[in-house]
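K.L.:
What TrEMBL lists as domain 'Cytochrome c assembly protein' is A:6-183. Annotation source TrEMBL lists transmembrane segment at A:20-42, A:54-81, A:93-115, A:127-147, A:159-179, A:199-221.
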């Protein structure tokens with residue numbers, strides 16, 4: 001059995017129909033567990049007070065924001081190289097999920113930053129790259145809507161995805177490239193100095209898994225919709241020509 | 001109930017916005033999914049009837 005079998009829309013629809021209830025159920029379970037654990041059963045931080053609880057939504061959302069773009073990059077490359085429609089439809093389906101995650105990262109970051117840094121926003125390398133990534137998401141979705149021919153739209157959005165990957169990389173690794181800015185290093189870094197205490201790290205990992213599963217669930221739902229929508233357009237075109 | 005102290009507004013706003021955005025995305029995805037599925041089924045039925 002090869003992974004390319006799932007490039008067949010029929011096979012994808014069959015497998016995703018089976019997987020979707022399991023993935024969705026696990027997503028709800030892990031999300032609730034991680035967020036309830038983090039929100040209700042972890043202590044305040046001695047410097048940040050109760051705002052530390054924002055970590056359970058801000059960090060997973062930020063990871064998913066850049067992770068989604070990397071998934072879209074992989075799917076776009078598969079489209080450009082192998083011309084599998086399901087892959088580019090999955091990229092298209094993932095974009096609104098990534099946009100929402102980026103928006104959550106920006107909002108929660110600003111809300112958290114105000115009491116901790118004394119400002120809602122700073123033109124810090126990571127924050128700026130994250131904002132540009134958000135604009136790339138909007139541009140990507142607008143490009144899909146602007147082009148009538150689906151294959152041309154797929155080609156152009158895939159190229160845009162390649163270009164935008166630079167900002168996805170910068171937003172994730174900016175703190176390593178530039179030793180400046182307000183944003184601290186990775187909360188789950190291997191470096192013991194940067195790594196958050198285990199009491200926060202465990203529920204954070206559960207929340208990250210929950211956000212990841214929510215992403216998979218939403219992308220499956222939305223990809224199934226895109227496949228159906230593509231088939232609907234094809235049938236309507238066939239009916240018009242008959 | 002958890003004690004959030006002077007940052008209660010900050011923490012609750014962050015969670016509130018997140019829940020709102022996630023639920024909005026889920027609702028939009030499910031609604032569009034159901035609409036497209038219904039339209040496709042109707043189209044397939046019509047084409048099967050018309051041969």
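Note that Cβ sites are derived from N, Cα and C of the backbone, with glycine treated the same way.
TrEMBL annotations: computationally assigned, not manually curated.
Can you tell me where each of these features sits in the structure?
P.N.:
Sequence-distant contacts of the transmembrane segment (A:54-81) (same chain, at least 6 residues past either end, Cβ-Cβ under 8 Å): 7, 34-35, 38-39, 87-88, 90-91, 94-95, 97-98, 101-102, 104-105, 108-109, 111-112, 130, 133, 136-137, 140, 154-155, 157-159, 161-162, 164-165, 168-169, 171-172, 187-188, 196, 200, 203-204, 207-208, 210-212, 215, 219.
Sequence-distant contacts of the transmembrane segment (A:93-115) (same chain, six or more residues past either end, CB-CB distance under 8 Å): 51, 54, 57-58, 61-62, 64-65, 68-69, 71-72, 75, 121-122, 127, 130-131, 133-134, 137-138, 140-141, 144, 182, 211, 215, 218-219, 222-223, 225-226.
Long-range contacts of the transmembrane segment (A:127-147) within the same chain, counting only residues at least 6 positions beyond its ends with a Cβ under 8 Å from a Cβ of the stretch, are 62, 65-66, 69, 72, 92, 95-96, 98-99, 102-103, 105-106, 109, 121, 153, 156-157, 160-161, 163-164, 167-168, 170-171, 174, 181-183.
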